[in-house]
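Annotation source TrEMBL lists active site, proton acceptor at His452. The FAD binding site annotation in TrEMBL covers Lys51, Gly114, Thr150, Gly151, Ser152, Asp319. The NAD(+) binding site annotation in TrEMBL covers Gly187, Gly188, Gly189, Val190, Ile191, Gly192, Ile193, Glu194, Glu210, Gly279. Taken from TrEMBL, the feature disulfide bond applies to Cys42-Cys47. Here TrEMBL flags 5-334 as domain 'FAD/NAD(P)-binding'. Residues or ranges marked as domain 'Pyridine nucleotide-disulphide oxidoreductase dimerisation' in TrEMBL: 354-463.
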Amino acid sequence: MSQEFDLVVLGGGTGGYVAAIRASQLGMKVAIVEKEKLGGTCLHRGCIPSKALLRSAEVYATLKESDKFGVIAGEVGYDFSKIQDRKQGIIEQLHKGIQYLMKKGSITIFEGFGRVMGPSIFSPQAGAVRIEKENGDQEMIVPRFLLLATGSRPRTLPGLVIDGSYVVTSDEALQWEQLPESVVIVGGGVIGIEWASMLNDFGVAVTVVEYADRILPLEDEEVSKEMARLLKKRKVNIVTSAKVLPESLEKGEGRVMIQAETAGGVQSFEAQKILVSVGRQANVENLGLEATEIKVERGAVVVNEHFQTAESHIYAIGDVIGGLQLAHVASHEGILAVEHMAGQNPHPMDYTKVPKCTYSRPEVANVGLTEKEAKEKGFEVKVGKFSFKPLGKAIIYGENDGFVKVVVDAKTNDLLGVHMIGPHVTDMISEAGLARVLDATPWEIGTTIHPHPTLSEAFMEAALAVEGKAIHN
Ligand SMILES: Cc1cc2nc3c(=O)[nH]c(=O)nc-3n(C[C@H](O)[C@H](O)[C@H](O)COP(=O)(O)OP(=O)(O)OC[C@H]3O[C@@H](n4cnc5c(N)ncnc54)[C@H](O)[C@@H]3O)c2cc1C
């Protein structure tokens, strides 16, 4: 006998469990199939643990400078095992929260590996799910709608084998019992720069080797440049336009060495660990997709604007469809997909309104087009910029590096993009996201009264700066 559901969600990560809750709100009978733990990458190996470690690093870095605030902290140190315990405690607390929400929504959880079936005796159309349990038992469930939310895993460079000891990804690094003395980070994107900032704050010698000509290559160029300047000031070694040569890897005596081709010739980098952060790869394998009409292109499941695959009752969202692999993107896509299943007419996903954040010190955040992208798209561009240097609240915090930059269409005054680097900008970017959703002009942002003293004044001033009206510039 097989159980029937309105919706089965394959994968209980951020995208999957949020979609399940929304479906339950809409009156559907819902099940999630999860092979590990509810919460997925974000909760167990991504957003949450990395930010917990970053927060400990920030507290440590602040305490080392306590003198600056007139605070006498005495000898400052850290106990990495306690830091890891705190991180684990946060994960467990949030994991319990998700389990509670599943109960509240009467969502059935199946533990095991889910595989999608083609047309079979259980269902004339593809989409029944066979659950393979750890003890070897199998169970079949039949949904009216299926949502693929199987997420992603770390990618490596061809030939660069992750051994979990000398050469690791963020998955293994998050489990370190103690910190190494030195790390070479291959890849200077979001994850690489968060690790560089955090490890440097803990006193680890860090080298970042990046293939592109700048770190954070998807950010506005001025933001990348400012981040590189600030990290270099903290003695992080940054090497850009560098092609890592996996075949050069040598290990031994607690050290590991790798070479990279750079403009100045082949350079060698040596450290106790190599952390590979070169992107993520969608989990599309072994799902049984070949028994269906579902298409996989460039390693990701192909969907239309409603997140339907080529089998219109099977949807896919989150990291498994590629694109912007972010937790809030996965959950928003999940909500839209489920609302579409329920016959609603949800607004289409607009990826130019998605905030993207890097939780380094200082933080980086953006929404919309960079100045260069806007010009490439043919916009005549006006820019407003405001530095955190003179801002009261930033000076009070003792963190006044960075700036806010506003990119505007000179013809229509439409806000095309907002780019921030500085203290707490990952919290500030939501206002810019709302401004984009509401089609606010720089005039409207500039005339919105912002409380003083706050960091958010920098956004108001940057908007005013578009017309040369910033007060404190
Ligand atoms: C170090 C790191 C830091 C990050 N920081 C951030 C951040 O600060 N902010 C942000 O927005 N994003 C961040 N991300 C990205 C974020 O974690 C992902 O975008 C997000 O988790 C994607 O959600 P998802 O639901 O698509 O997939 P996942 O969270 O990966 O969940 C997929 C789930 O499916 C399960 N699964 C897979 N296959 C099967 C199967 N066949 N049967 C049953 N279950 C299956 C998996 O076990 C997993 O639980 C970070 C990622 C990493 C690695």
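For all residues, glycine too, the Cβ spot is worked out from N, Cα and C.
Location within the structure of each feature annotated in TrEMBL.
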{"residue": "Cys42", "record": "disulfide bond", "CB count, 10 Å": "24"}
{"residue": "Lys51", "record": "FAD binding site", "CB count, 10 Å": "16"}
{"residue": "Gly114", "record": "FAD binding site", "CB count, 10 Å": "25"}
{"residue": "Thr150", "record": "FAD binding site", "CB count, 10 Å": "27"}
{"residue": "Gly151", "record": "FAD binding site", "CB count, 10 Å": "24"}
{"residue": "Ile191", "record": "NAD(+) binding site", "CB count, 10 Å": "23"}
{"residue": "Ile193", "record": "NAD(+) binding site", "CB count, 10 Å": "28"}
{"residue": "Glu210", "record": "NAD(+) binding site", "CB count, 10 Å": "26"}
{"residue": "Asp319", "record": "FAD binding site", "CB count, 10 Å": "30"}
{"residue": "His452", "record": "active site, proton acceptor", "CB count, 10 Å": "11"}
**OP:** Between any two of Gly187, Gly188, Gly189, Val190, Ile191, Gly192, Ile193, Glu194, Glu210, Gly279, the residues recorded as binding NAD(+), what is the biggest Cα to Cα distance in Å?
**Re:** 14
Original post:
For the recorded positions Gly114, Gly189, His452, which residues place their CB under 6 A from an atom of ligand 1?
Top reply: Gly114
Original post:
Which has the fewest other Cβ atoms within 10 Å: Gly187, Gly189, the binding-site residues listed?
Top reply: Gly189
**OP:** For the recorded NAD(+) site formed by Gly187, Gly188, Gly189, Val190, Ile191, Gly192, Ile193, Glu194, Glu210, Gly279, name the remaining residues of the chain with Cβ within 8 Å of the site's Cβ center, in chain order.
**Re:** Ile185, Trp195, Val208, Ile215, Leu216, Ser277, Val278
Original post:
Looking only at the domain 'Pyridine nucleotide-disulphide oxidoreductase dimerisation' (354-463), what are its DSSP counts of helix, strand and coil residues?
Top reply: 38 helix, 31 strand, 41 coil
Original post:
What does DSSP assign Lys51 (FAD binding site), in three states?
Top reply: helix
Subject >> DSSP three-state assignment for Ile193 (NAD(+) binding site) >> reply: helix
Original post:
Averaged over the whole of the domain 'Pyridine nucleotide-disulphide oxidoreductase dimerisation' (354-463), what is the pLDDT?
Top reply: 98
Original post:
Measuring Cα to Cα, how many angstrom lie between Cys47 (disulfide bond) and Gly189 (NAD(+) binding site)?
Top reply: 15
Original post:
Counting all other Cβ atoms within 10 Å across every protein chain shown, which of the recorded positions Cys47, Ser152 scores highest?
Top reply: Ser152
Subject >> Gly151 (FAD binding site) versus recorded positions Gly189, Ile191, Ile193, Glu210, His452 - nearest by Cα >> reply: Ile191
**OP:** Please report how many Å separate the Cα atom of the residue listed as 'active site, proton acceptor' from that of Gly189 (NAD(+) binding site), as a whole number.
**Re:** 34
**OP:** Find the shortest Cα-Cα separation between Thr150 (FAD binding site) and the recorded positions Cys42, Gly187, Gly189, Ile191, Glu210, and name the residue that gives it.
**Re:** Cys42
